[in-house]
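As structure tokens, the structure follows; a few thoughts come after it.
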Ligand SMILES: Nc1ncnc2c1ncn2[C@@H]1O[C@H](COP(=O)(O)OP(=O)(O)OP(=O)(O)O)[C@@H](O)[C@H]1O
């Protein structure tokens, strides 16, 4: 609940109205049985004036109670919605400060669940809290005192009933809390299964995995059904059990009062309000129990949200003025281990790249090519050694300077929903139409963009489903070059392009981005054969560098890759 404190601070006025209105509801509820008792007594005494007066007060009190109830619902909903909205915005802001390492630590889909499902849990408990928070203690204490004051000799019936209800509640609500916890886990499992299945539907269908997926889904779904039945059964027993206890208490009270009515005629009226107070004691204990069950679920969600808030970004940028960085790259004895891993992925790597050079990186799959490239825009920090861009240690520059200088085009192109222009403006915020056309010509995307009705204003659907793999890669390259970066890293980002288009992209890059340092990670040697220098990686080590001609003569690993690819091409 501590985590909620700052969010409640901005809701003081709404909280005031909510608490005031629910307190009015509680007092009206407490007063009604007492008034009813007075009306009944007046009827017995044939005092029509008092009957009329108290009858009117009873009606007015009822109306006030209803109005206050409506006001409470409105303000409680406002508080819950505002708290959830503010918390969601803060969580999103916090996640934006995370480095790659932080995101991997949680996993992207887990963070989505925290921002949606967990925040919803908090919203529900805040709403319930303000609808019941003040009402339950007032009703419980008030009804207890008033019940004893109404029929003092029956105090022990109240105590016995309370003890029995608390015992049944303690047993069933702890059990229910456990069931709800398991239900939450099952919901997450079903969500993950459904998400993975739908996102990978092409793979599922091409490997004819539908039945396997259906079986897995059905298993979790069956578990959910069985658990829901258990929860339903518990409810089915719980409610009648509570009412049985309350009814027995009432029957006993009526039986005992029946014996005393001859000596105390007013007890006839008193028994009605005594029964009402018994029911309100029952109500407050039961609702309190439910609240605790829901609260325990919300506490788990709050804990998960708090965990995100308390996570320090693994990588922060210094607060220094923005500078323009040059295109040289310097790796000085760099070693790197992924968070949570024990073996280093990069081992003691040193090399220099001059501004404007074209560098190729080759190596077997998993040799560390992408990892090396990720250290240039400082997506991760090395364990030891230093990475410099434009002659400056990347740890000493501000984030914008580095992002403007280094543009990274990934193999798996991510194009966001919106328009093509909006995606390109991620590469250059104020890009003009001419800038877009220039970049599209380089990336060979102009030909298909020009064929679209709205061209750069054409819509990109969710998960860019309306573009082919090759088109997505070209759009990503367009976005990568539009800002004329000092360093352009292409991580296998032409893999879905045909050989002709790939060649055209490279020629255009050479012609149009003359001052830009280009780092090309490629599976095919043909993609980097013309590079000024090629770095050869093997199991995280830099085992050679030179031109294609030099490496083909003196680097056995390079020779092997080259000859294998050549042989395959000839076949
Ligand atoms: N986020 C990560 N967490 C832990 N290990 C990782 C992570 N990313 C990559 N690795 C591991 O680091 C090693 C190098 O991966 P990297 O992606 O850099 O290789 P690569 O040479 O680019 O491979 P490919 O050519 O297949 O893309 C691999 O063994 C991989 O399993």
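Positions of Cβ are set from backbone N, Cα and C atoms, glycine also.
Unlike curated entries, TrEMBL annotations are predicted automatically.
For 16-297, the entry in TrEMBL reads domain 'ABC transmembrane type-1'.
Summarising the annotation, TrEMBL assigns domain 'ABC transporter' to 329-564.
Annotated transmembrane segment per TrEMBL: 12-31 (among others), in sequence order. Same-chain residues lying 6 or more positions outside the transmembrane segment (12-31) and placing a CB less than 8 Å from one of its CB atoms are 61-62, 64-65, 68-69, 71-72, 75-76, 78-79, 82, 130-135, 138-139, 142-143, 146, 280.
Taken from TrEMBL, the feature transmembrane segment applies to 51-71 (among others).
Summarising the annotation, TrEMBL assigns transmembrane segment to 125-148 (among others).
What TrEMBL lists as transmembrane segment is 154-173 (among others).
Taken from TrEMBL, the feature transmembrane segment applies to 234-261 (among others).
Taken from TrEMBL, the feature transmembrane segment applies to 267-294 (among others).
Simply put, out of 51-71, 125-148, 154-173, 234-261, 125-148 has the most Cβ pairs sitting under 8 Å from the transmembrane segment (267-294). Counting only same-chain residues 6+ beyond the ends of the transmembrane segment (234-261), those with a CB under 8 A from a CB of the stretch are 151, 153-154, 157-158, 160-161, 164-165, 168, 172, 175-176, 179, 267-268, 270-271, 274-275, 278-279, 282, 286. Same-chain neighbours of the transmembrane segment (125-148): 4, 15, 18-19, 22-23, 25-27, 29-30, 33-34, 72-73, 75-77, 79-80, 83-84, 155, 158, 273-274, 277-278, 280-281, 283-285, 287-288, 291, 294-295, 297-298, counting only residues six or more beyond its ends whose CB sits under 8 Å from a CB of the stretch. Within the chain carrying the transmembrane segment (154-173), a Cβ under 8 angstroms from the stretch's Cβ atoms is held by residues 144, 147-148, 234, 237-238, 241-242, 245-246, 248-249, 252-253, 256-257, 274, 278, 281-282, 285-286, 288-290, 292-293, all 6 or more beyond its ends.
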